[in-house]
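As recorded in TrEMBL:
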ACT_SITE  Glu135  active site, proton donor
ACT_SITE  Asp282  active site
ACT_SITE  Glu376  active site, proton donor
ACT_SITE  Glu394  active site
BINDING   Thr480  Ca(2+) binding site
DOMAIN    686-777  domain 'PA'
REGION    796-875  region 'Disordered'
SIGNAL    1-27  signal peptide
Amino acid sequence: MWRVLGFRPATMSALLFSLLLLLSTLCRLGQSMSREEKLKLRNQVVEMFDHAYSNYMDHAYPADELMPLTCRGRVRGLEPSRGDVDDALGMFSLTLIDTLDTLVLLNKTAEFEAAVRRVLKDVRLDNDVVVSVFETNIRVLGGLLGGHSMAVMLKDAGHYMQWYQDELLHMAKDLGLRLLPAFNTSSGLPYPRVNLKHGVRGPESRTGTETDTCTACAGTIILEFAALSRFTGDPVFEVHARRALNFLWEKRQRNSNLVGTTINIHSGEWVRRDSGVGAGIDSYYEYLLKAYILLGDDLFLQRFNIHYASIMKYISQPPLLLDVHIHKPLLPARTWMDSLLAFFPGLQVLKGDIRPAIETHEMLYQVTKKHNFLPEAFTTDFRVHWAQHPLRPEFAESTYFLYKATKDPYYLEVGRTVLDNLNRFARVPCGFAAMKDVRTGSHEDRMDSFFLAEMFKYLFLLFAEEDDLPFNVEDYIFTTEAHLLPLSLSTTPRAPSPPANSTVQAASLPHLSASVKSLWSEEELDDSNFDWTCPNTRLLFPDPAFPRNLRDPIRSAVDKSCPRPAVHREPGMGRPPLRAQDFMANNPDHLELLRRMGVSLIHLKDGRVQLVQHATQAVSAVAAEDGMRFMQEMMELSSQQQKEQLPPRAVQIISHPFFGRVVLTAGPAQFGTDLSKSITGVRGFVTVAEPYSGCAELSNAAFVQGRIALLQRGQCMFAEKTRHIMKAGAIGGIVIDDNEGSSSDTAPLFQMAGDGRNTDDVTLPLLFLFYKEGNILLEALKEYREVEVLLSDKARDRGGDAPEEDQTSPASSATLDRSHMSTVELDESAPESAPDKEEVTPEEDVGPAIKRNPEPEEEPAVEKDSSSKSVKAMMADWREDLEAFQQMEKDEL
């Protein structure tokens, strides 16, 4: 069993078997799950996999990924760019390759054989496309090597794959050679991207100018490259991967023994000096330990142990894992955690440090129960920081490893919760859709390849009995993408390294430094670093309730989330001539007052307005001071609106054939029915108002009566539209943006304001959808004619029951660094004449920052657009508008 967890029995079997016996008696809680119940859940995992895989093959293949909301493949260049996220796509049928070894594990051997034949026949690796070295290595190269391992195993068993002649391995070597040019740097750290056809830095490569890469990007190469070298006998791949790891080790901060998040690939200087175990660093630590397990090189274990001691000293604050500064490790770098750190309890199990693994996992589970999924990031008081969830598997991974270590049936119930939430909230007719907002249950039109590569492996293994598995999984180690590499590689003779002056496409390898060379001397290893190599039984108490005693305090702590900080105004502030709360973008007098205060308006193409103050352009020093106050007051107003009314709403399509499985994120109005106070929401069939703008009495009032009216943004105020549909007898309204291609991908959610008059007479709900989300609804109406929706504060259970009440709300702060900003819709006239949304972007971080997004907000779905012309237009617009967003996405990755 422990070889599954990554230990080599030749070095530690005695201690491990002792620990196994101890854990099996200590860590059982309550009644074990029956074999029949586990079989039922295992079969449910297989059915869910079939749903995802068959929809990819039916609707997306040979595209890289499935878009489950629009039931089509995601083809790079044909869909609007998502920034660095798209660097995983290389027009090489990514999802199929990433899924190969999953098919074998789930006993789908015939499907695996057919899939291998498809890969060999259809997939090309010489595409003229720039891809991420990191993603291509772990997903594609790892997928090909995992598929090769499975093919060899099946062939040796004598039933399947008898025709196989290492074709997948040949493809893997071809791909490895295409990745090697990225390593042609003076440091040995790879460029973050490479052109599969032209390499880097050539005139046709369109890459090679980058200077920075993340630590995980450079440090998550060794398993795949070393396996490729040992499978093929060509040492060049392992040499380059080791060289990159050696350089990262040399550049660690020597006092704290921590590494930063981003490093300059040429100079080795740390670009981002924050250090944690989540995004940007995570799999670097994972691969140090697993490289020791797979390759048997004690050097990797020594380095891991040194890092791990520092992690537990500075970053681990059980049950939290908080980033710190590498030069001042006692100083926290941020007050939130990202979901990628959910892998760490599983790594701690491999390490043998069970207690903190249980504690951190329990914290993550309680956050999951509050929000149905782990938000991409959450605060130290367990509130949503980034609301999206792209169906990441790390929490399921740690759940599996903790169950393997403890056999505590509690973790089977955790797995059941993961299964239920996937089916209730993420399952759609064409697969499983990522969550755009865990608070509302809205979807994003993406199903990443790692969902099939990892999630179903870990869930299947969690519920499977030993005789359910087609091979001995303990003979393999999981890569960070859960691909299976045989532990027998540790006994494969390591081919001699090329001379230090050997070249890869004419790029010479510098000699290893003397200090690095010295580390290779086995007799110089410090034995004290091996104290925690095996699971340490000193951490386990002779109490059968041990795991429960660790979990209960954490459950209580998460349940008692801290309140949000109050918003304070600076003392002694006078009142400016124009109050922020009174400002209207279409009021000429207000615009003149802004001009006198040195505040200018920048009109964006999507109808929003940025307010920027230039004190030197004010008519006087007093006016400049008034402008400063106005900008500061605008931030306070925005903060207050965020605190009171920020949470988005949901438009859930509940009629056939959607049945509640498609949820669109909607912006709320500051008037009318407050859906957050409605238990049932507002349910009704939709119809398009005539006129579509809703700016005059409706000519189809008889048809609108008793229905939810669809309206187009523009030409008049939101409140005026609402009064017209009320007069026609509508029970609700949905305003759809008229800016073609707009989406909450690139714009923050906003609230629709009134018209400056009393709106107490408005008694029905009004929600706002961006163009891309609204087009899903319009296309459904066009195809099915009768479409019923539910307007609510969050999506209701697909099975018909309301979901568990979310007791949290977005974190709010008076500071400028906020993760979820709201743009208030002030005016509903045409964007060219009087923009609708007010944004404040003061220079030099002065005043409010309504559009400052230091981190990406909830990522929305890329919805269906039937017009090819509009897609091209959107792509052109998005390339311009997404520059800042892409940088945020890069930081997130």
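A Cβ is built for glycine as well, from the same backbone N, Cα and C atoms used for every other residue.
Predicted automatically and left uncurated, TrEMBL annotations should be read as such.
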Protein Cβ atoms within 10 Å of Glu394 (active site), excluding its own: 24
Asp282 (active site) versus Glu135 (active site, proton donor) - Cα distance in angstrom: 14
C-beta crowding around Glu376 (active site, proton donor), within 10 angstroms: 26
Cα separation, Glu394 (active site) to Thr480 (Ca(2+) binding site) (Å, whole number): 9
Which same-chain residues, if any, lie at least 6 apart from Asp282 (active site) yet have Cβ under 8 Å of it: Ala216, Leu340, Leu341, Phe343, Phe344, Thr480
Spatial separation of Glu394 (active site) from Glu376 (active site, proton donor) - C-alpha basis, Å: 12
Three-state composition of the domain 'PA' (686-777), taking helix and strand from DSSP: 21 helix, 20 strand, 51 coil
